[in-house]
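What follows is a set of notes on a single structure, which appears directly below.
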Amino acid sequence: MDEENILKFVQAYLKKKGFKQTEHAFQEELQHNKTAQNSSSPVSSNSQFDADIAKRLRSFSESENGAAQYHDGYSKLRSWTYSSLDLYRFELLRVLYPVFIHCFMDLVANGHIHEARAFFNSFREDHEMMHLRDLQKLEGVLSPSHLEEMEFAHSLRQSKVNIKICQYSYELLLQFLHKSQSTTVLGIINEHINFQVSPGQPSSITDDAEAVTLIGSSQDPVNQINQKEIHWGLLEDSLEERLEKAGALLSDSEKAEGETKEGEWDDNKKKTVEAGKQGAPTKKLKKDKATGTTGKATRPDTNVVTIAPRVKPELPLPTIPPEVEQSILDDLRNRVQLSSVALPSVSFYTFINTHDGLNCSSISHDGSLVAAGFSDSSLKIWDMAKLGQQTVGSVLQGDNDATPTSNGGKRSYTLFQGHSGPVYSATFSPAGDFILSSSADSTIRLWSTKLKGNLVCYKGHNYPVWDVQYSPVGHYFASASHDRTARIWSMDRIQPLRIMAGHLSDVDCVQWHSNCNYIATGSSDKTVRLWDVQSGECVRVFLGHRSMVLSLAMSPDGRYMASGDEDGAIMMWDISSGRCVMPLMGHTSCVWTLAYSGEGSLLASGSADCTVKLWDVTTSTRVSKTEENKSGNTSRLRSLKTLPTKSTPVYSLRFSRRNLLFGAGVLSKAV
């Protein structure tokens, strides 16, 4: 081995370990030596280097690239981490996953394919619970070229992982790495992990949402995006503002009376509807036509909020018909103020006899209409008032007893046919006179609930459309698709007004901001993005979810946003800062739907675990660190009530303008 090769090994080692200053000093010394040699008599290069040194460097280089080094290094780190004290083990376990995936990818990059597969299969069980989807993607990496071709793997190799850890845990890790002398693991940690060391005690499990995040090359654009200015307030001259100026808000006693009247009216309409208290533990995948759908987060579109700033609309707003405006004002005047001690009444609609064909459900703003999309490409709407007039025992039938019978019986619903693929989403207009549906046929259709027919077919997406949502003022709507884009439409144009592109995977759900100037999108890439509807630009990226985001909801004042994922976690976000305010843990399966109450004090969540949960999300009841340490989990303090069903996964939730909570789901045989 000549001098030139040895110098290359040394430079490669310094570069691999990330010792930039040492590498720079080494290069300067080499340059200085070359200058000195040129001015003096030439000397044999091999005489300057001992043969034993060259041998050691060669063996060191080979050992560095050897497959056994990765397996042994990770195995030692894993054993040491699991044997650590319980107090620090939780923080130290965060280091294992990034080390694991980079060991695997380095083995593949070095051409050790069989060793990489053996390593992957040996330790994958440690990470399947939290990172199953990532592991499924990495399973497809079978050659060095795949690391460059696969966008996910390439992003991981180009980025760093930011891990929060306390000072003592960090020192324990450094001591272990020094004693173990595992240069392979040390190199991976130096190159791909950035530690945020904080004084004090180890962080609790509730802080884990933001404890591990991607930084580096992929995070830089995110930081730049999150610096953009946004205006989260409510629209000027809204109906709520008019009520405030007129001083027409009712007293609590009058509102309570209004709720009683509303409850009586709804009871008369729906007394024959089977109250849903049922659910299924099976997960619902959107590609599965029998059970696949994305949760719909529905936000009441008019709310009395006094502290929210007022902003101007960026889109031309439609004129509200006088009769609709009067109806909304009446509802606002009679709204019941909810709180942690005043929980809402709940009306739950249960679908039966659907034969695993129901994909989605939607409820109108007053709860009088319920829609359902099916795998046979049909959309069906039930009128609760008419359903209540039928014989005792009537329920929401899916396929059976739903068509005209030979003895002259009438179907209990209105059937809408036009799609050529499964219907994945449906949404009512604020007035309830229109309904939109999206399908696997890549189209969106507009239907009239009064004319009972199809009006428009909107074409633009190239793949199945998973979600569609009306804006709070109507006329405009947003869609989310498998083609990784979200699009904004207006009812009077067949082409989209804006196309939002930026997600790395399916856009699974979409939700409008309260002031209609922004839309939020949740994706299978585990991120939530906020988009400006006027410019089409992404103005916020929310990082923290560990699985696909299935549902979204905006607070009535527009300041906060809630998102639910496939693992059952709910994140509350501050839209201004882009930071997670509070993770809400409690569901054990997919969170398919989220809804804020009218005044924004409560958040309702519906899940595949067959429960509806009510959460206290008021800022005045923010949990302090002292209370958190005493309780061990802030989610328990914020969870107000869990409403279990017998065997009904919760597909959709909606608060009426008077703060009555409506829900819908399909009866499942699995218990």
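Note that Cβ sites are derived from N, Cα and C of the backbone, with glycine treated the same way.
Here is what TrEMBL says about this protein:
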type	residues	note
DOMAIN	65-193	domain 'TFIID subunit TAF5 NTD2'
REGION	248-300	region 'Disordered'
COMPBIAS	252-274	compositional bias 'Basic and acidic residues'
REPEAT	351-384	repeat 'WD'
REPEAT	416-448	repeat 'WD'
REPEAT	458-499	repeat 'WD'
REPEAT	500-541	repeat 'WD'
REPEAT	542-583	repeat 'WD'
REPEAT	584-625	repeat 'WD'
Check your understanding: Mind checking which residues reach the repeat 'WD' (458-499)? Cβ under 8 Å, same chain, six or more beyond either end.
Key -> 286, 294, 296, 299, 301-302, 315, 317-318, 320, 421, 424-431, 434, 436-446, 505-512, 514, 516, 519, 521-523, 531, 533, 536
Point to revise | Segment confidence, the repeat 'WD' (542-583), expressed as mean pLDDT | key: 90
Practice item. Summarise the repeat 'WD' (458-499) by DSSP state, stating how many residues are helix, strand and coil. Key: 0 helix, 22 strand, 20 coil
